[in-house]
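Record features (Swiss-Prot):
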BINDING   D13, D327, H328  Mn(2+) 1 binding site
BINDING   D286, H291, H339  Mn(2+) 2 binding site
Amino acid sequence: MNKYKRIFLVVMDSVGIGEAPDAEQFGDLGSDTIGHIAEHMNGLHMPNMVKLGLGNIREMKGISKVEKPLGYYTKMQEKSTGKDTMTGHWEIMGLYIDTPFQVFPEGFPKELLDELEEKTGRKIIGNKPASGTEILDELGQEQMETGSLIVYTSADSVLQIAAHEEVVPLDELYKICKIARELTLDEKYMVGRVIARPFVGEPGNFTRTPNRHDYALKPFGRTVMNELKDSDYDVIAIGKISDIYDGEGVTESLRTKSNMDGMDKLVDTLNMDFTGLSFLNLVDFDALFGHRRDPQGYGEALQEYDARLPEVFEKLKEDDLLLITADHGNDPVHHGTDHTREYVPLLAYSPSMKEGGQELPLRQTFADIGATVAENFGVKMPEYGTSFLNELKK
């Protein structure tokens, strides 16, 4: 008998809670995503996260301890060697990653692009982080006139290649992306995903077509999601979760346009009758505010998210469990534009916790979440991670 029929896992992308013990190795001493945002905002207003026990993990400006938190609380340390989205999420579901995925905030190394030009016979333009629509406005006409390839990246571990469908035929673009995928399996260039981004139209009026194709990396081992799916449990992936695991172990995927859309979809899944895992990633914190080093926007986004939690609490049933965490930090007042190596919060709540919650021991790996989910549903336990299921008292 499962202790909980449904587990709702929410990853607040990049919401770290202070430097990890190994932060210095990552150039991240002093990083503190929520703490610094709270200071910048002169106090964060997150009453619902506070009720769950956020301030009991650590007090910050506007975020105080409560005598009787609704849920269980602690923080988790990442065991894997990376601080990117894929590493954090794969570890949450029970894997240990010893080769970090690379991000390229300054663009890709010349050696890689030289090799790509040589193997494809086409010149490369762009080579910087950019929004897909903006880079077409900037370079689409040049791409059409020269037959070059627009190569760009984002805050995530991706290499994207855009070309006009009438200039570079789709089958050629796909071949080019396969070549890029092979080249980026090298550890020093290891990107999580290569994406073909074909477009059509005229200068000033370009549109991306549905012929996008992703060349992702599958998790290199079985995750708890695979075990759930193979045991006929539901695994509902919301936001970019399905992409992060390349669809592995996913039974249903719901796309989202924003954090608020993600919260809408979470409420939708709360209304569904299923047995298994609902897994939501809220990416805006990271993509729109962390990398752009915008503490004000980040703080406002955290408050907007918090304001949606009462809808979630209202719909949770006695045999539901809500788990809230993050996948890494991205301190918007830290130097550079990259993620930061931090502890992440962990909050666990069910309406069946009539006595409220208490502190859980510090978690030594994000995989403790995967182990807890696996134990709850009686599926094969991951190699890494220690379940805290029995520490959650009803």
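Note that Cβ sites are derived from N, Cα and C of the backbone, with glycine treated the same way.
Neighbouring residues of the recorded Mn(2+) 1 site, listed in sequence order and excluding D13, D327, H328, comprise V11, M12, S14, V15, G16, T85, G88, H89, D286, A326, G329, N330, H339, V344 (Cβ within 8 Å of the Cβ centroid). Shown in sequence order, V11, D13, S14, T85, G88, H89, I92, N281, V344, F366 are the residues of the chain, 6+ apart in sequence, with a C-beta less than 8 angstroms from the C-beta of D327 (Mn(2+) 1 binding site).
H291 (Mn(2+) 2 binding site) is surrounded by 21 other CB atoms, counting those within 10 A of its CB over all protein chains shown.
On the backbone, the CA of H328 (Mn(2+) 1 binding site) and the CA of H339 (Mn(2+) 2 binding site) stand 7 Å apart. The residues near the Mn(2+) 2 site, meaning same-chain residues not in D286, H291, H339 whose C-beta sits within 8 angstroms of the mean position of the site's C-beta atoms, are D13, S14, T85, A155, A287, G290, H328, N330, T337, D338, in sequence order. Taking all protein chains in view, 25 other C-beta atoms sit within 10 angstroms of the C-beta of D13 (Mn(2+) 1 binding site). In the three-state DSSP scheme, D286 (Mn(2+) 2 binding site) falls into the helix class.
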